[in-house]
């Protein structure tokens, strides 16, 4: 159960690449949703949903995932100043699709000092806010295996994905003017490989496989944590966005915000829903109605024409035969 | 000379037989058409990003990236261009008592029966509505537009504020397009109006019929005596 080429997607990230040549196994026929393309043809097949599980309790903060990510995606995050924080770079950037975020937490129950390290990056929502907000046809796609991917040649750099995302993930490059984020290594998954970060993780805090397998694994991890005294350990797979294809095991699942402001109940903002829903539909309808209404009024009523009489009046007025100041007609 | 109440500097009787009246100076017309052209570019480029069915309009500007780049700059052009128009026109667009009467007879206005309508200065209540709607909406659009200008102001406001900005921008854009349709249609339907913004003049009859107080003031300023 590793990289069988007959499988529709890899079941693990740890195995080595297949030695035989392999066709890319993720293509246009696997797209279930695409931005600004409401009439997308249905996918030609249904892939097994995949997921990346990040077990925060196992993370040692080594940043091997970040290095692997930059290496695989061939990005060169800018070298920054050390400002006394472990985060490096300071935030997700167009060249850094994943970031270890470090928070220091003094647990009031135990008095323990806890170092909560969360690998931040795209969550690959089942209901992606970026895709909903995007105005460019086909710039954001969702495959039937759950991966949400940016198709850069269709991106126009408007930043609407930033507005739509409930997790503050996409970053627009000031050089290329397109948006970047974690692809869940869709290009690796297409050829039977798990994501680079999962492959590089030395503690298996990041694991990859089918969503079903990953959920089972996560549950086992939660049980283990509970047996070790983490009573609030749990899975973060937020249903507000339909569940996610990158999800966490947290020791404090009751307080996700402890982990560098992981949203408590993420969902696509109602403001974004209103903008992309009723505003778009009603707005276009109102504009259409106004345009058609004007044309109909123009065709069905007589235009307001100046009469010859009006011209005579004007001449009389201008030549002084009618007093310029009207006899009390002003007040009506 | 008496203070102008109903007319703008430059408005004058241009010829007496037949009567033609100068309504807009060349500079004002140029200003109007720059504003109009930018509004049309904004409307087309904005609609392209507003609804997927209109995305093809990006082709007019050289694709999606170019449309995204161009739209905000044209917005700035529109803002300043309209500001100049505003400074020239705001005084004569202040509401007056006869506007109320005009609005209460709006049915007759639409039917083109102007006999019972009050005499009006340079603008009627409909024109004033268009003027103030444009003024308010352009301010709303430029402010909300700055907040979502990704290329230059990516961190001007927080993401939650940005969500409101993009919604308000869309709603205001729909409103300004409706105002624009009203403006264009009214100018076409009221025959003899468009030449005020092309040639700069209207016929005496047009002025008598629609803006009699304005015409009276101009006639009074010319001395009111016979031309020759």
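Each Cβ is built from the backbone N, Cα and C atoms, and glycine gets one as well.
Some features that TrEMBL has for this protein:
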{"type": "REGION", "residues": "A:1-30", "note": "region 'Disordered'"}
{"type": "DOMAIN", "residues": "A:50-82", "note": "domain '4Fe-4S ferredoxin-type'"}
{"type": "BINDING", "residues": "A:59, A:62, A:65, A:201", "note": "[4Fe-4S] cluster 1 binding site"}
{"type": "BINDING", "residues": "A:69, A:182, A:185, A:197", "note": "[4Fe-4S] cluster 2 binding site"}
{"type": "DOMAIN", "residues": "A:113-145", "note": "domain '4Fe-4S ferredoxin-type'"}
{"type": "BINDING", "residues": "A:122, A:125, A:130, A:165", "note": "[4Fe-4S] cluster 3 binding site"}
{"type": "BINDING", "residues": "A:134, A:155, A:158, A:161", "note": "[4Fe-4S] cluster 4 binding site"}
{"type": "DOMAIN", "residues": "A:146-175", "note": "domain '4Fe-4S ferredoxin-type'"}
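A map of TrEMBL features onto the structure.
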residue : record                          : Cβ within 10 Å
A:59    : [4Fe-4S] cluster 1 binding site : 19
A:62    : [4Fe-4S] cluster 1 binding site : 15
A:65    : [4Fe-4S] cluster 1 binding site : 25
A:122   : [4Fe-4S] cluster 3 binding site : 27
A:125   : [4Fe-4S] cluster 3 binding site : 28
A:130   : [4Fe-4S] cluster 3 binding site : 27
A:134   : [4Fe-4S] cluster 4 binding site : 31
A:155   : [4Fe-4S] cluster 4 binding site : 26
A:182   : [4Fe-4S] cluster 2 binding site : 28
A:197   : [4Fe-4S] cluster 2 binding site : 28
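In this structure, the C-alpha atom of residue A:161 ([4Fe-4S] cluster 4 binding site) lies 4 angstrom from that of residue A:130 ([4Fe-4S] cluster 3 binding site). All protein chains included, residue A:165 ([4Fe-4S] cluster 3 binding site) registers 27 other Cβ atoms within 10 Å of its own Cβ. Around the Cβ of residue A:201 ([4Fe-4S] cluster 1 binding site), a 10 Å sphere holds 25 further Cβ atoms from the protein chains shown. DSSP gives residue A:130 ([4Fe-4S] cluster 3 binding site) a helix state.
In the three-state DSSP scheme, residue A:69 ([4Fe-4S] cluster 2 binding site) is classed as helix. With an 8 Å limit on C-beta distances, the binding-site residues from A:134, A:158, A:197 that reach chain B are A:158.
Under the DSSP three-state reduction, residue A:59 ([4Fe-4S] cluster 1 binding site) is assigned to coil, being neither helix nor strand. A strand conformation is recorded for residue A:125 ([4Fe-4S] cluster 3 binding site) in the three-state DSSP classification.
For the domain '4Fe-4S ferredoxin-type' (A:50-82), same-chain residues at least 6 beyond its ends with a Cβ under 8 Å from one of its own Cβ atoms are 9-10, 88-90, 93-100, 102, 115-119, 124, 145-147, 182-185, 188-189, 195-211, 214-215, 217-218, 221, 225, 230, 233, 244-251, 259. Inclusion criterion for the binding-site residues A:59, A:62, A:65, A:125, A:134, A:158: a C-alpha placed within 10 angstroms of the C-alpha of residue A:197 ([4Fe-4S] cluster 2 binding site); this criterion is met by A:65.
Residue A:122 ([4Fe-4S] cluster 3 binding site) sits 19 Å from residue A:158 ([4Fe-4S] cluster 4 binding site), taking the CA atoms of both as reference points. Each residue in A:60, A:61, A:63, A:64, A:100, A:119, A:197, A:200, A:202, A:203, A:205, A:206 lies on the same chain as A:59, A:62, A:65, A:201 and has a C-beta within 8 Å of the C-beta centroid of that [4Fe-4S] cluster 1 site, without being one of the site residues.
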